[in-house]
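According to TrEMBL:
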type	residues	note
DOMAIN	222-395	domain '3-hydroxyacyl-CoA dehydrogenase NAD binding'
DOMAIN	398-502	domain '3-hydroxyacyl-CoA dehydrogenase C-terminal'
DOMAIN	539-628	domain '3-hydroxyacyl-CoA dehydrogenase C-terminal'
Amino acid sequence: MIHAIEAGNKPMVAAIEGFALGGGLELALGCHYRIAHSKARLGLPEVTLGLLPAAGGSQRLPRLIGVPAALDLIITGRHVTAAEALQLGIVDQVTDHHTVDAAVKFALSVAGRPLDARRISSYSCPPVSGDLDALFEEVMRKVRRGARGAIAPVACVQAVRAAATLPYARGMERERELMATLFTSGQARALQYSFFAQRAVSRWSTPSGARWDASAPKPVRKVAVIGLGTMGRGIAVALAQAGFPVVSVETQEKQLTEAKRAVSQMLERGAKRRGVAAPLDKMSYSSNIQAVADVDLVIEAVFEDMGLKKKIFQQLSAVCKPDALLCTNTSSLDVDQLASQTRNPELVVGMHFFAPAHVMKLLEVVYGPRSSPQALATAMQLGKKMGKVSVAVGNCPGFVGNRMLKAYVEQAFFLLEEGATPELVDSALEEFGFSMGFFKVSDLSGLDVGWKVRKEDGLALPGVSTGPSARIRQGRRYSPLGDLLCQRGRFGQKTGSGWYQYGKPGGRVATPDPWLHSFLEEYRAQHGLVPRRIDPQEVLERCLYALINEGFRILEDGIAAGPEDIDCIYVFGYGWPHYRGGPMFYAAMVGLPKVLERLEHYYRAHPDVPDLQPCSLLRRLVASGSPPVQKWKEAIKKLHSQL
């Protein structure tokens, strides 16, 4: 069809309004001219679905705008504004008026002109400065490094190379061949599942059957943030960027002064990146909690201390309007305990943002047993307006993301005890597709963060370094390795050493640390542990299957509505590689019988690690023939009806 349009003898003008993405833009490129409304957006985002532009887009776009610019759009899948499309040469004209009228007028103005020079398939790619082979080699190197195992970006580079080096007809053949390999790949299936999962999580219902999207959210016109540490600042910036007036409260004057400067800088940087004015007028600051008296919704973002948070919720309940929503940015504490400190517990929900809060797309919206569907609906809607992927989850320690992460972290520690090094564990996880392995992430975020949580949970005990009790807590195996490093002041990048060494405090380049290797050898000898060779496959199976097993327990407990919810949380909040769909989808791709068999194997070897004992829901799914991930909800419903 597109070839027929391009070959026609009448001038064909594409009138572009709204979005021309993928096939829409490929159709427009087959036209002889393109007119776009000023608010239109254009792009070829197929790579984000594990595919490439396969209706001639990979062949026409480089011929029209040149190889470097086309590579940038096709490899990233990014959308461009009409103004940028005009600058790049994708469109011929931009209008603020009725686009079809402008296109008709334009078509009449070019009627009778020869069209040979307007058929993009007849063009050669504009020459590039320098060596074409060197350009493609450099781009391929960058793509392979950045894509970390994703095949679609690599295929996109190969398709554009065909446009630059082959006649159009042969380039189209190459595009078709590459598309055929991608179309049936597991990665394309994973990315397309992820695309639909993101939409599915917004249609969530509570266990009582109340759908949040069937409950009208309360109008939110003004918002407050309590506490201006790292998280509070990021949340305030995200709210202001979404257009909400924000009252930010910080009782410590020094912290308030620092926060004002930091928030202004973050808003200005974000505005510059997006080419808009910084919404500085949306921000107001106070050191007095009374300043939140007229807001519609409050987000408390002080550090993780239940006593402090309870006190703040008592104050908010006294100060705020009776119908104001009171939200907490806790990452693991009991939302219901905070609700019990207020006059209207049904108006309390968790809003668990991820750092940096103005960048990360995930928002876990946590409902307690008394949270109303309307309160849940309001928090979900607010998250959507902030550009977040909002996922509603039940109230339990760690909610969904951090509850699953605990099992993953424990396995990483145990592998070190048994003979692995941080480099071995991290390289296996990075090869799988994570941008950073666990130990590098730990150094980046600070080892003291987890240490503080473990101390509060009664796990990190002072002075216990030898004997059986050193590696047992609450009746199960425990590794004190992280605690021992913290006791030596090794907190990661901030101190210049943690699981790796960084040369100086604040250093960013991780290098293997001979001291740490000696420390691990001494630790194993002290506890009578005989190191053995651990291969990368065991690292993946132990870390990922333990995490997945906890995901099945979360589904069994009704904390997440379905596997899509867990997968969105991990893809958008925890760095799970997009092209692997999420942990639950990955389990289905590997095969549930294999996941079950490997968990049983590791549980037999480590009976003191309950996280490795296969969940009964996993067993039931395998016994019922391992249905596809989209059918798991039916099995879970049957399970709940029997409880």
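Backbone N, Cα and C atoms are what each Cβ position is placed from, and that goes for glycine too.
Mean model confidence for the domain '3-hydroxyacyl-CoA dehydrogenase C-terminal' (539-628) is a pLDDT of 95. Across the domain '3-hydroxyacyl-CoA dehydrogenase C-terminal' (539-628), the DSSP tally of helix, strand and coil residues reads 66 helix, 0 strand, 24 coil. Secondary structure of the domain '3-hydroxyacyl-CoA dehydrogenase C-terminal' (398-502), assigned with DSSP and counted as helix (H, G, I), strand (E, B) and coil, comes to 61 helix, 7 strand, 37 coil.
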